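Undergrad: I'd like to ask you about the structure that follows.
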C-alpha cells in the first residue's frame, strides 16, 4: 500500500472519471442544447441528464454487492463500455423519451458500476487516503474543464445528436484505465484501538502474545537480569474500555502500550460459544528497566474467547453501520454535496444568460467552478491528513461558505461576482467531497465500504429525483432561479449546523473518556504497586 503502483491506480481512476462523466459535468450545455433542439419545457429538458445522475446513484448499492463476487476492475470495464455506447446511440434520438432511456437510464446505470473507486483507493492506500481520493475525484473536475467547451463547440457545428455521437466515441478511452485496477494489494491488519467485533484491536507494534511475555521473563531470570518484573492483574472489561479509550496514540494509553491476543483463535472458539463470558480479564504487567510505565498484556488462555453479546454480534453484520448516527450524517452530507453540484452544473448557463451574460461567458463559469473544484480535490486533502483541521471542522466550515455563496448568486448581477462565487462554490465542493470516502472508511472499515457507500449514494439518487420538478417550478412557473438557489443554500447551512453539533458531541465524549481514564489508571497503578511490594 502507498506504493508507486498505488499512485498509478489513483491516476487511472482519475483518467476514467475524466471521460465517463463528461456529460454529467457538461449538463448545463446539454440542457440548453436540448431546449433548442426539442419543443419541450425546462423541466422536461432537465430529465435526461438528471436521470443519468439518479441512476448512477441508485446503482451504487447493486455495485457494492456485485463487488463482493466480481472483481471491481471487471465491473469498471463493463461500465465504461456500456456507458460510452449508450451515449453514441443517442445520435438516433427523435424524442425526449429516447434520450430518457439511453442517455438517462442506460448511461447512468452503466457509470453507476464505477461508484466503487473509493473502495479501490482504500485498497491501495493507508497513509495518504485523502490525497489519493482527491486525485481520483479530480477526474470529474478535469472532465469539467475539457468537455463543456468541447460539447458546446460540437453542438454548434453538428447539433446535439452529432455531439453526443462524437462524445460517446471519446468516452471509450476510459476503458484503458480499468486494467490498472487489477491485482489489489493484500489488506493490511487493522492498527487502530477501535473495538472491532469481539476483540480489542491494538497497533501492530504493540501486539505481544502472553507466551512471549513469559519467555522474556524466564530469559531475564536465567541470566540473573532484573530487566523485567512480571505480575498478573485482573481488570474488568469496563476498566479496560476506559484504558483503551484514554488519551494517547494508537499503540498506547497514558503512555502505556496495550497488547492483546490475535483475534483468530478468539473468533474460531466464539463460533461455538453461546454464553456471555466473564466480565473480567487478566492483564500481565511487565515493567521494563528504564521505563516509567509498565506494559499491560491481556492474558487469557489460548482458545478462550471473550464472548460477544447479542449487541456485538449484531454490530458485526454486513449492515451494522445502519445503526450508527454518523452514517446518516455523512450520507446526508454526500446527498447535499452532489445535489448542489448537479443543480449548479445543470442550470448555471441558463441562469447566467437570463442575467445578460453571453453564452460563452456562461460556459466559462463552469470552467471557473471546475478549476476551483480541481484545486480543492488535489490540494485540500493535506489539511486533514496533517491534522491542521479535524474532518468535522473541515466539513462544517466549508458548508457554511458554500451556503453563503449559493444564497448570494441571485443577488449579484455583475459577471466578475458570478465568477468569484463560482470559484468559492467549486472549492467547497471539492474540499468536502474528498472527505466522504475517508469518513466512511474510518466508520465501517474496508470490508463494508462498498455496501456502505452504495447505500449512501442511494439517498443522493432519491433526492435527485426532485431536481427537475424544482427547476420547472422555479424557472417555468416562477420565472427565475432565485428561489432554487436560496433553497439549496439554506439546506447547505443546515448541514453545517449538524456538523457543528457532531463536533460538540465528539468533544464531549472525548472529555468524558479522559475523565474515566484518569480514574481507572490510579486503580491499576495501585494494584501493580501492591503486587510489586508482595514480590519483594
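Placement of Cβ uses the backbone N, Cα and C atoms for every residue, glycine included.
Annotations in TrEMBL come from automatic prediction, not curation.
From a predicted model like this one, the values you see are computed outputs, not experimental measurements.
Pasting the feature list from TrEMBL:
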{"type": "TRANSMEM", "residues": "7-35", "note": "transmembrane segment"}
{"type": "TRANSMEM", "residues": "47-68", "note": "transmembrane segment"}
{"type": "TRANSMEM", "residues": "75-95", "note": "transmembrane segment"}
{"type": "TRANSMEM", "residues": "101-122", "note": "transmembrane segment"}
{"type": "TRANSMEM", "residues": "134-154", "note": "transmembrane segment"}
{"type": "TRANSMEM", "residues": "160-180", "note": "transmembrane segment"}
{"type": "REGION", "residues": "243-278", "note": "region 'Disordered'"}
{"type": "TRANSMEM", "residues": "318-339", "note": "transmembrane segment"}
{"type": "TRANSMEM", "residues": "359-376", "note": "transmembrane segment"}
{"type": "TRANSMEM", "residues": "388-407", "note": "transmembrane segment"}
{"type": "TRANSMEM", "residues": "419-441", "note": "transmembrane segment"}
{"type": "TRANSMEM", "residues": "448-466", "note": "transmembrane segment"}
{"type": "TRANSMEM", "residues": "486-509", "note": "transmembrane segment"}
Undergrad: Taking residues 6+ outside the transmembrane segment (318-339), which of them lie with a CB under 8 Å of any CB in it?
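TA: That would be 53, 57, 395, 399, 429, 432-433, 436, 439-440, 443-444, 448, 451-452, 455-457, 459-460, 463-464, 467, 488, 491-492, 495, 498-499, 502.
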Undergrad: Can at least 3 Cβ pairs under 8 A be found between the transmembrane segment (134-154) and the transmembrane segment (448-466), with each pair 6 or more apart in sequence?
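TA: No; fewer than 3 Cβ pairs under 8 Å.
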Undergrad: If you count every Cβ pair below 8 Å, which range out of 75-95, 160-180, 359-376, 448-466, 486-509 shares the most with the transmembrane segment (388-407)?
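TA: That would be 486-509.
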Undergrad: Should anything in the same chain at least six residues away from the transmembrane segment (7-35) have a Cβ under 8 Å from its Cβ atoms, list it; otherwise answer none.
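TA: Distant contacts of the transmembrane segment (7-35): 42, 45-46, 48-50, 52-53, 56, 76, 79-80, 83-84, 87, 96, 99, 103, 107, 111, 114, 117, 120-121, 124-125, 132, 135-144, 146-148, 151-152, 155, 160, 163-164, 167, 170-174, 176-178, 180-181, 342, 345-350, 353, 359, 362-363, 366, 370.
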